[in-house]
2 protein chains.
Amino acid sequence: MSSEPTRGKPVRLALLGCGTVGAEVVRLLHEQAGDLTARIGAPLELVGIAVRRPGRQRGDLPVDRALFTTDALGLIKRDDVDVVIEVVGGIEPARTWIVEALRAGKSVITANKALLAEDGGTLHDAAADGGADLYYEASVAGAIPLLRPLRESLHGDRITRVTGIVNGTTNYILSSMDTTGAGFTEALEEATELGYAEADPTADVEGFDAAAKAAILASLAFHSRVTAADVFREGMTGVTAGDVASAKEMGCTIKLLCLAERGPDSRGAESVSVRVHPAMIPRSHPLASVGDAFNAVFVEAEAAGQLMFYGRGAGGTPTASAVLGDVVAAARNRLAGTRAPSESVYAHLPIRPIGEAVTRYHISLDVADRQGVLATVAGVFAKHEVSIATVRQSGREADATLVIVTHGAPDSHLAATVAELEQLDIVRSIASVLRVEGGA
Amino acid sequence: MSSEPTRGKPVRLALLGCGTVGAEVVRLLHEQAGDLTARIGAPLELVGIAVRRPGRQRGDLPVDRALFTTDALGLIKRDDVDVVIEVVGGIEPARTWIVEALRAGKSVITANKALLAEDGGTLHDAAADGGADLYYEASVAGAIPLLRPLRESLHGDRITRVTGIVNGTTNYILSSMDTTGAGFTEALEEATELGYAEADPTADVEGFDAAAKAAILASLAFHSRVTAADVFREGMTGVTAGDVASAKEMGCTIKLLCLAERGPDSRGAESVSVRVHPAMIPRSHPLASVGDAFNAVFVEAEAAGQLMFYGRGAGGTPTASAVLGDVVAAARNRLAGTRAPSESVYAHLPIRPIGEAVTRYHISLDVADRQGVLATVAGVFAKHEVSIATVRQSGREADATLVIVTHGAPDSHLAATVAELEQLDIVRSIASVLRVEGGA
């Protein structure tokens, strides 16, 4: 056992980036210094902060201005740097910096979900090459301790499904639409005014942010490398006030979900389906009551059953909490001369295409109120081997609305059904198509 | 870096106890063998199972009957045992066994909440002496990955409060009282019939089980040794159908909560309050919708904000999931020649007595419907420096009911207020007194 920490010798940190999260990391390192030292068995020492504009005004950040530098690579390469914290984001130069640090045997803490989802393998390979720790708790669901449970606590179990609300902006918008009956545009405007949505909300509302997190979660849950390119992605800009009202009538609410499921593909081989899309879920589901900008991730495992992790998914301070938890772990490992469990990708499960994902659809059709309409419509479903769970018909004069909810079926069958319904003369329009999740 | 696992050499396990949890551990070790080997980098090998009656019929347990022994101590001392799993429960002989194993440098996984709460210090000391791992994820909230987040993920943050529903039996009973309006006795009978309550439910309904878990959670959250004796405990047998109805009127529900808070004591010194009692919480609180026999733990931290962990708190299979997660961690550490972070008790925070705990009361009084009653009652509250938040008065003929909810005040002031109200002539009876938690 070589694990007694060497008390006294500081663990030296380099911080890359000093925006919202970085500034909070600096503040907490300062405020919690005594506790952090006691927990680690040695003090943490911030030896440099790489930024683009070192002269920029940074309020009352409790830090010597001499620590700022524009030379990130130089900082990383310094002999006295043990742990590198990357909170810059984006693919480059973050990737080059992280790989450089890891190959040199320095532990890296990153919140960079986009990079992990696009090219996490390169980072993990560099960590293995350098014998260094790569921690990234802050990359998914902010402050919620979620990745360590997936990486460690649940390693004696088999995870079958992960369903998450991992984007606070879209959850704020959908919660607001649900509460007030507002349409998407109106709710987005409100979210922007309140600072919950960025000036360019594309990454959030089109599901890119959630898709990156889905890839990271699926990789950990299923011991396989899953990238953002493997994730089926559908944004939530098409969700209307009518969809929300229709969900309410069914006792449901609409959430932008990330889903990662293991199961057999069409040839019976074990595979993984990973997708991001808006979906109706029953109000009785634990995820349904996750409001405002909160995040929550629902995990189903064979032995553990249903688990849920809930908390703040974004914001400088919550994200800094996750970063610092990782810093403590990496610092302890360095003092003990050990490292965290490395990447676990032994399962190498293939990705199941979206067409083979089994889901349920909620379809709302405006139809001519004629005899035989339901029979014709039902025939289209039957032809594509989609079983109907419920039909609700409401008619006035010449028009009627059919609301159909299906049983589970491969997405390709459902899509083909919708495509054929669109061609029917008796179907005036398809008012909405939404997936339904969270059923038994 | 000495962390590359030695592939091939098995990690050898001894199992102490083969009841509901032990049998599930055996089954999962067998079923998941391939995955566990891949995750650890070496196979797990079960080399012995200590039981009281080796001849007992154990269904179709996938294990060689020759592994059973009555000699637990002999099994622990075997040279070829690396990791000991204790799922027997109770104080002795479990303590002797665990201490023996740890001192001999063997890692121990235990689900023994009673022992950890009564004498966890002895176990942690033995772990430090032997340089061995002591893991106990299964001791609190069953399958929910909760202790590892507290022990590791949140070590960069300062936890201010932990509020938990950690006893499934009482949560089932209270949920059922809330849903059906049944009284305690009726709801307990139903829970017993359905197997949610044991024949002797004392440990659950009197809060002993929750108090043990509260001690474990408080120790981890506040980096201090807290024992079951430090926990103020009040059972939930006194909760009536009337209390439940009254809570509903206030938009609340009643839960048996374990609470651990840090804050100043009466002299302003940092201290910890740990208690278990029934309390009203607003229906909008995330813990309010935790129904049936589920557990959930709500954690508040300075940087992370509000977090919640939800899942199954009991049952053989969920508990075995937590045990096996720890087995994987302990096995990895052995192969890497390292160990988990040791006990963190540097803060040594003192325990604040219940009288100094700040809480709110909901008090329901049957009073004479006379002029000046409210003034007299209000005067008693003022005398004890308890501020009233709301009063609701409903009267019929000569009798009236006053329902008073206070602002936060030290428990001793609240208790003195209630004691003095009992002495008033105009107070016919005090129908109920309940603490109110979960407010802003």
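Cβ from N, Cα, C; glycine included.
Curation does not apply to TrEMBL; its annotations are automatic.
Listed in TrEMBL:
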BINDING   A:Leu16, A:Gly17, A:Cys18, A:Gly19, A:Thr20, A:Val21, A:Gly22, A:Ala23  NADP(+) binding site
BINDING   A:Lys113  NADPH binding site
BINDING   A:Glu198  L-homoserine binding site
ACT_SITE  A:Lys213  active site, proton donor
DOMAIN    A:362-435  domain 'ACT'
Spatial neighbours of the residue listed as 'L-homoserine binding site' that are distant in sequence (at least 6 apart) but have CB under 8 A: A:Thr169, A:Thr192, A:Asp204
Give the three-state DSSP assignment (helix, strand or coil) for A:Leu16 (NADP(+) binding site). strand
Once A:Leu16, A:Gly17, A:Cys18, A:Gly19, A:Thr20, A:Val21, A:Gly22, A:Ala23 are set aside, which residues in the chain still have Cβ within 8 Å of the Cβ centroid of the NADP(+) site? A:Leu15, A:Glu24, A:Val25, A:Val87, A:Val88, A:Gly316
Would you mind reading off the Cα separation of A:Cys18 (NADP(+) binding site) from A:Lys113 (NADPH binding site), to the nearest angstrom? 17
Could you tell me how many residues in the domain 'ACT' (A:362-435) are helical, how many are strand and how many are coil under DSSP? 24 helix, 35 strand, 15 coil
Overall pLDDT of the domain 'ACT' (A:362-435), taken as the mean: 91
Out of A:Leu16, A:Gly19, A:Val21, A:Ala23, the binding-site residues in the record, which is closest to A:Lys213 (active site, proton donor) when you go by Cα distance? A:Val21
At the level of the C-alpha atoms, what whole-angstrom distance separates the residue listed as 'NADPH binding site' and A:Thr20 (NADP(+) binding site)? 16
Within 10 angstroms of the C-beta of A:Gly19 (NADP(+) binding site), the count of other C-beta atoms across all shown chains comes to 13
Cβ neighbours within 10 Å, counted over all protein chains: which one of the binding-site residues A:Leu16, A:Ala23 has the most? A:Leu16
Tell me the Cβ contacts of A:Gly17 (NADP(+) binding site) under 8 Å, same chain only and six or more apart in sequence, or just say none. A:Ala50, A:Val51, A:Glu86, A:Val87, A:Val88, A:Gly89
